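Asks: The structure that follows is given in the form of structure tokens.
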Amino acid sequence: MEKKDEGNPPMAVMGSRDENEDVKSTMRTAETMLRLVPVALCVSALVVMLKNTQTNDYGSLSYSDLGAFRYLVNANGICAGYSLLSAVIVAMPRAWTMPQAWTFFLLDQVLTYVILAAGTVSTEVLYLANKGDTSIAWSAACASFGGFCHKALISTVITFVAVIFYAALSLVSSYKLFSKYDAPVVTQSGEGIKTVTLGSPPPPPPPPPSNLHLHLHAKLACPAHNNSPN
């Protein structure tokens, strides 16, 4: 008789756990790096714009003279700080709770739109500075302040690169949040198809028939036998 090897299942379980831990560690490292890259991008865009000042025979022009560029500086500063803080939290090897998943999901979404708005309004100002708009008496300032417009363009392009990373972070945080919920359970009943909401357990099965129900069912099924004379 062949002896059953009882040592393999525990080893298989341990190997599966180690593999899951390796996968989680790799994903945690990848997300940490994904959050650190926007720090460098946002700081670069911020520094380039902060140093963006030009003075010539036509006068002096600084980023602080335009509200769109001031907003870009502030937005990049906020996003750099948030990215650094979130990277530190994500790098910690611990399980995520539902409140943490919701917090990162919402903050990633908000910061993505904040940095996207900064790049969008800066692009509009750069377009007007290059082309001008006679209807609002906006002259083509880049013809006289080419260096200023060049630095502003560099800062805006870097900001849009940061937007790409924030969009990826939004997808990651969305997956981490909604993967915590169970898939919807669909059951077939006599009244049709009934869909159970996310995360709720399936409906319990109907109770088995009692002895009384079985006895009545047997009597109804055999009326001739019940009416026969004794």
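Using N, Cα and C of the backbone, Cβ positions are placed for all residues, glycine too.
According to Swiss-Prot:
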TOPO_DOM  1-29  topological domain 'Cytoplasmic'
REGION    1-23  region 'Disordered'
TRANSMEM  30-50  transmembrane segment
TOPO_DOM  51-71  topological domain 'Extracellular'
TRANSMEM  72-92  transmembrane segment
TOPO_DOM  93-100  topological domain 'Cytoplasmic'
TRANSMEM  101-121  transmembrane segment
TOPO_DOM  122-151  topological domain 'Extracellular'
TRANSMEM  152-172  transmembrane segment
TOPO_DOM  173-230  topological domain 'Cytoplasmic'
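Neighbours and distances for these, please.
Replies: Per-residue pLDDT, averaged across the topological domain 'Cytoplasmic' (1-29), gives 59.
Here the transmembrane segment (30-50) has long-range neighbours at 63, 69, 72-73, 76-77, 79-80, 83-84, 86-87, 90-91, 115, 151-152, 154-156, 158-159, 161-162, 165-166, 168-169, 172, meaning same-chain residues at least 6 beyond its ends whose C-beta is under 8 angstroms from one of its own.
Per DSSP, the secondary structure of the topological domain 'Extracellular' (51-71) breaks down as 8 helix, 8 strand, 5 coil.
Beyond its flanks by at least six residues, the transmembrane segment (72-92) meets 28-29, 31-32, 35-36, 38-39, 42-43, 45-46, 49-50, 63, 104, 107, 111, 114-115, 117-119, 121-122, 155-156, 159, 162, 166 of its own chain at Cβ-Cβ distances under 8 Å.
When the topological domain 'Extracellular' (122-151) is classified with DSSP, helix, strand and coil residues number 22 helix, 2 strand, 6 coil.
Proximity of distant same-chain residues to the transmembrane segment (152-172), defined by a Cβ-Cβ separation under 8 Å and at least 6 residues beyond the stretch ends, is recorded for 31, 34-35, 37-38, 41-42, 44-46, 48-49, 52, 63, 69, 72, 75-76, 79, 105, 108-109, 111-112, 115-116, 118-119, 122-123, 125-126, 129.
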Asks: Counting only residues 6+ away from its ends, which parts of the chain sit with a Cβ under 8 Å from the topological domain 'Extracellular' (122-151)?
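Replies: Answer is 48-49, 51-54, 56, 58, 61, 66, 68-69, 71-72, 159.
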Asks: By Cβ distance under 8 Å, which residues at least 6 away from the ends of the topological domain 'Extracellular' (51-71) in the same chain are close to it?
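Replies: Contacts of the topological domain 'Extracellular' (51-71) (Cβ under 8 Å, skipping residues fewer than 6 from its ends): 117-118, 121-122, 124-125, 141, 144-145, 147-148, 151-152, 155.
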